[in-house]
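See below for the structure under consideration.
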C-alpha cells in the first residue's frame, strides 16, 4: 500500500508539472487559455468521479480494492494516448531537431503552417545556442522576479485555504442539516466543475490576470461570510445555511481563477531556457504548502477556532489581490515568444 501510494504520488507530481507545460507549448495562441483550463476542468471532473466511485464503500467495505482497480483505466488510457501525441515543436526547435519539429507542427496545425511556425520559433531565439538554465540560475537577478511570481501564485493558492475548506466542508454541511458526507463532497465537487467550466469559456476573453483578481476577491468575501456565520450572534439562526452558501461561493470563486490560472500562466511567463525547471520549482511550492496545510490545519483550528482561521484565509486572499495587481502580467492573446520578449525587455 505504501509503495503504491509512493509510485502514484511520483506519477501525479510529474504529470502536474509536465501537462500544463506541454499544453501551453502546443496550443495555438488564441485558444491556449481555454485548452489549459480544460485540463483543470477534467481534473475536477476526475475528482468528482472519484467521489462517486466511493459511494458503494459504505455498504461494501471490500469495495476499496475495486476503487483502486478502476484508477488503472485512466492511467492506461493516458499512457497510450501520449504514445500517439506529438512532441512539443518549441522543445524540438530548441534542441535543433528541425525535421522532427516540422513533423510535429504538421500533425498539430497542418502542413500549411510548417514553414511559418518553424521560422517564427527559430527567430524568437528558441533555437539559439544559449544553454538550458541550471537550478541556481532561477535565483539570479535575471530570472528571480518572474520565478518568484510563479512560486507566489501557488503559495497564495494554497494559503488561501482551498484544501482547508474542502476538509471542513462535511462539518459545515452537517451544521446545515446535510448529514451525508458523500452528498456534501459531491456538492463541493460539482461547484468546482461548474466554476472551472465557466473559467474555460472566459480565459481567452477576460484574460488570466482579471480572472485571478476576480477569483481571489470572491474568495476573500466568501471567507469573511464563513467567519461571520460562525461568530456573529445576529446570524445565529441562519449560520448553517450561510456557512453552506459561503463554502459553495468560495469553491466557485476558486475554480474561476485561483484553481486553473496558475498552472496555465506559469509556462507562459517563464523564458524557454528556464521554463521546465521554473514550473517544477513552482509546483514544488504548491505540493509543499498543500502538505503543510493538511498537516497543521486541524491543530490550528483547535487552538484558534475555525472563525479566526477563516478570517486569516480572507486576509491571505486580500494580500493575493494586492500582489497580483502589482506583479502579474496579462498574457491573453500573446504568443509565448511575445511574452518572453516583453518580460525580457521589461514591458
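Backbone N, Cα and C atoms are what each Cβ position is placed from, and that goes for glycine too.
Owing to the predicted nature of the structure, the values given are computational and were not obtained by experimental measurement.
Pulled from TrEMBL, these are the features on record:
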DOMAIN    1-332  domain 'Major facilitator superfamily (MFS) profile'
TRANSMEM  6-23  transmembrane segment
TRANSMEM  35-56  transmembrane segment
TRANSMEM  62-84  transmembrane segment
TRANSMEM  146-170  transmembrane segment
TRANSMEM  210-230  transmembrane segment
TRANSMEM  242-266  transmembrane segment
TRANSMEM  278-298  transmembrane segment
TRANSMEM  304-325  transmembrane segment
Same-chain residue ranges lying at least 6 outside the transmembrane segment (6-23) that approach it to Cβ under 8 Å: 32, 35-36, 39, 75, 78, 88, 263-264, 266-267, 275-276, 279-280, 283, 286-287
Per-residue pLDDT averaged over the domain 'Major facilitator superfamily (MFS) profile' (1-332), given as an integer: 83
